Amino acid sequence: MIKVAVTGALGRMGSNIIKTITQQEDMKVVCAFEVPNHPKKGEDVGELIGIGKIGVPLSTADELDKVLKETKPDVLVDFTIAHACVENVKIAAKNGVNLVIGTTGFTEEQKAEIEKAIKENNVAAVISQNFAIGVNIFFKTLEFLAKKLGDYDIEIIEMHHRYKKDAPSGTALRAAEIIKANRGIESVFVYGRYGMTGERKKEEIGIHALRGGDVVGDHTVIFAGDGERIELTHRASSRQAFVNGVILAIRYIADKKEGIYNTFDVLGLNEIKF
């Protein structure tokens, strides 16, 4: 039985992850965390997310070290915010807990802190901007298109619900990084355009963020050539698409001894070569 800790437990992703874990035969939630001084501290997490009692009281982030020592989870799943995630990773890694990290919006310095904590404590982690299985097929397809159509004009458009705090999305940035690594020419990211921008430069990859309504996550990459264009789109209609990938990542990382992995590793996509 895989024992799982969840931070951001009452958030949109955290609550859905907990619900789905309770439906699995090979894993269980042993502790769940929210922000310090949360008014629901101590209440049963299952009741708070509407699935009935599961025997796990809501803890707060300032108790993370103590509760991890008491419950001894195999994996901690983090969908919080960047600065909180960095601290959670440091504490979990020191306790020998493997990690599934879906938080986005990190600075380069924060990414380095996370990698350092994982490596220094010899734990294993799956880190991904998007755990949806379809999105990762989308990413793999982008590798192919960027290699074949790298000289086309490339634009990325993403849209999310009005509550999303960071822009552009981690998924859009990951798409841009994949294209940059595979298109065969130097690339620069251009975030939106306004005013007299001048003629579009060949090396540009445009990235545009839209916010509104209850959109779970839409991503489109446009490869525009002379007389034709290809548009590759992924639309998530439910957060369950992401949660299903998280469950696979938990199983993948639970017994790993060390190392940093991504969803391509989890899904076996690194074996596909173009």
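Cβ atoms here come from the backbone N, Cα and C positions, even for glycine.
Copied from Swiss-Prot, the annotated features are:
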- H160: active site, proton donor/acceptor (ACT_SITE)
- K164: active site, proton donor (ACT_SITE)
- G8, A9, L10, G11, R12, M13, E34, G102, T103, T104, S128, Q129, N130, F131: NAD(+) binding site (BINDING)
- H161, G170, T171: (S)-2,3,4,5-tetrahydrodipicolinate binding site (BINDING)
Whole-Å Cα distance, G170 ((S)-2,3,4,5-tetrahydrodipicolinate binding site) to N130 (NAD(+) binding site), is 7
If you take the centroid of the Cβ atoms of H161, G170, T171, the listed (S)-2,3,4,5-tetrahydrodipicolinate site, which other residues of that chain have their Cβ within 8 Å of it? T104, Q129, N130, E158, H160, K164, D166, S169, A172, G217, H219
If you measure C-alpha to C-alpha, which of H160, H161, K164, T171 (recorded positions) come within 10 angstroms of R12 (NAD(+) binding site)? none
Would you please pick out, from the binding-site residues G8, G170, the one with the fewest other Cβ atoms within 10 Å of its Cβ? G170
Recorded positions near G8 (NAD(+) binding site): from H160, H161, K164, T171, Cα within 10 Å gives none
Quiz question: given the recorded positions R12, H161, K164, which has the greatest number of C-beta atoms lying within 10 angstroms of its own C-beta? K164
Closest of the recorded positions to S128 (NAD(+) binding site), Cα to Cα, picking from H160, H161, K164, T171? T171
Cβ contacts of E34 (NAD(+) binding site) (under 8 Å, same chain, 6 or more positions away): G8, A9, L10, K40, K41, L58, S59, T60, A61
